[in-house]
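Before any comments, here is the structure.
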Amino acid sequence: MIIKTLLASVAIMLIATVNAEYNVAKYCELVKIGTLMPSMISCQDYYICRLNNQPIPVKCGANTVFDKDTQGCVPEAQANCILSLDNPCENKDRTFAPSSKACNEWHYCLNGNIVANGSCQPGQIFDASKNSCIYGACNSDDDDSNSDFTPVLNICDIMQNGQFFGDFENCQNWQKCNNGRLQKGICLGNLVYDTKNGMCLQNDGTMCERTNGMVSEDGGAPDETLCTSSNDGPLPDKLTCSVYYICEQDTTSTPTTYKWIKTSCPNGQYFDVFGDGCLDRAKRRVYTGCNRCEYTTGSTTYWVNAVSNDCTKFSTCRNGRKITNEDGSCNSGYYFNEADQYCNMGDFTNYAETNGACQNYSCNGYDCTTKPSAT
C-alpha cells in the first residue's frame, strides 16, 4: 500500500510537472547574438539566441541531433549531446536520483528507468544522500540574485567548447570551456567583458546589464596614477552612480603613497560629477555610462531619464538594471518625466533644474563642463 501510494504521488507530480528546461534566455545574456544553445530535454532541440536575449526554439531533422560544439545538427553517432550521459537511474529501483540539469531537480526510478521528474520547492535542493529535498542553495559560480533562476550544474554542458562567454556575477570576468573544463579570466584595467562583441571593451553603459551593474571592486575606479595627494578627487565611479573615490594617504607604506578609497552615497543618492557630493539620485549629474537604473527594485518595469541634453531619452529598468540595450526616446516636442513615467508635451527647462540627467553637460575623462540648455 505504501509503495502504491508513493507511485501514485509520483505520477501526480509527473503530470503536474512540465519538463524542466533551463532558463535559456538567461544564458543567452552571456553569449553573442546568434549563438546556438542546446536543449536539456531533447538532443534534437536547440535555441538561437536573438536580439534582447530572446531564444528561438528549433528542431533538427530526422536522424540528426544538435551538437553544441559544431553549432549544428549532425548524425547521432557524431554528436556530443549531454543527454547521452549515463542513465542516472541505472541499477536503481523505486528510489530517487539527482538530475544532471539542476541541483533542485530529481528523477524517480523504476527498474533502472526514469519514470518521473520533479523539482524541489523554492529555496530547496535535492540531497542524493538523503533521497529528499532539503533547504539550501545551489553551489554554483553562475548563481543569480533572482530567486526564480536555477543555474545548470555544469555550464560547460551547454556552452560551445573553446568560445568565450560572460559571467553573471562580475562584468569584468570572462569564461571559456576547454573540453568540458571551465576556465575563467578577468579583463585588464577598467575594461569589462562585452558579450555582444565577445571581447574586453570600455563600458558603454549597457554592457553590464547581466550582472545588475556589478563589476570587480575597483572595476569603475579611477586610475591609481590620478591619486597622488589628498587634494586629488573625489572622483566618480564609471559604472555605479552611487559610488565615488577619495584619495587618501596609505599609512602602511614607506615612502608615503596615496590610494583611492571606495565610498558609497546613502541609499537613494548618486554622486555628482561636478563635485557637489551625494544628493537625491534625480538631481545628480552622473558620469555618463553609470547605471541610472540603480535603486529601481522588484520585477515591476520602471523608466528613468537617460543622460541627454534635451531630456527626450529614457532607460527601461527592472530589478535595478536596464533590460534593453537601446534607450527609448520621446517624440519631438516632448520630454520624459520620471515622476509621471511618460513623455510630457512642452518645454523641459523647469524639469531639468531638478533632474540632473537632463542638464546639458559633457565629460572628457573626469573633466566635466556645462553647456547652454538645449530648449
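Any Cβ shown, glycine's included, is placed from N, Cα and C.
Model, not experiment: these values are computed from the prediction.
As given in Swiss-Prot:
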SIGNAL    1-20  signal peptide
DOMAIN    25-83  domain 'Chitin-binding type-2 1'
DISULFID  Cys60-Cys73  disulfide bond
DOMAIN    86-143  domain 'Chitin-binding type-2 2'
CARBOHYD  Asn117  N-linked glycosylation site
DISULFID  Cys120-Cys133  disulfide bond
DOMAIN    153-210  domain 'Chitin-binding type-2 3'
DISULFID  Cys187-Cys200  disulfide bond
DOMAIN    224-292  domain 'Chitin-binding type-2 4'
DISULFID  Cys265-Cys278  disulfide bond
DOMAIN    294-360  domain 'Chitin-binding type-2 5'
DISULFID  Cys330-Cys343  disulfide bond
CARBOHYD  Asn360  N-linked glycosylation site
Dominant neighbour of the domain 'Chitin-binding type-2 3' (153-210) in 25-83, 224-292, 294-360, by Cβ pairs under 8 Å: 25-83
Minimum Cα separation from Cys73 (disulfide bond), reported as the residue among recorded positions Asn117, Cys200, Cys343 that achieves it: Asn117
DSSP three-state assignment for Cys278 (disulfide bond): strand
Nearest-integer angstrom distance between the alpha carbons (Cα) of Cys120 (disulfide bond) and Cys330 (disulfide bond): 46
Overall pLDDT of the domain 'Chitin-binding type-2 3' (153-210), taken as the mean: 84
Other CB atoms within 10 A, centred on Cys343 (disulfide bond): 18
For Cys330 (disulfide bond), the three-state class that DSSP assigns: coil
Listed in sequence order, residues with CB under 8 A of Cys200 (disulfide bond) and six or more positions away: Gln172, Trp174, Cys187, Leu188, Leu191, Val192, Tyr193, Asp194
Of the recorded positions listed as Asn117, Cys133, Cys278, Asn360, the one whose CA lies nearest the CA of Cys330 (disulfide bond): Asn360
Secondary structure content, the domain 'Chitin-binding type-2 1' (25-83) (per DSSP, counts of residues): 12 helix, 21 strand, 26 coil
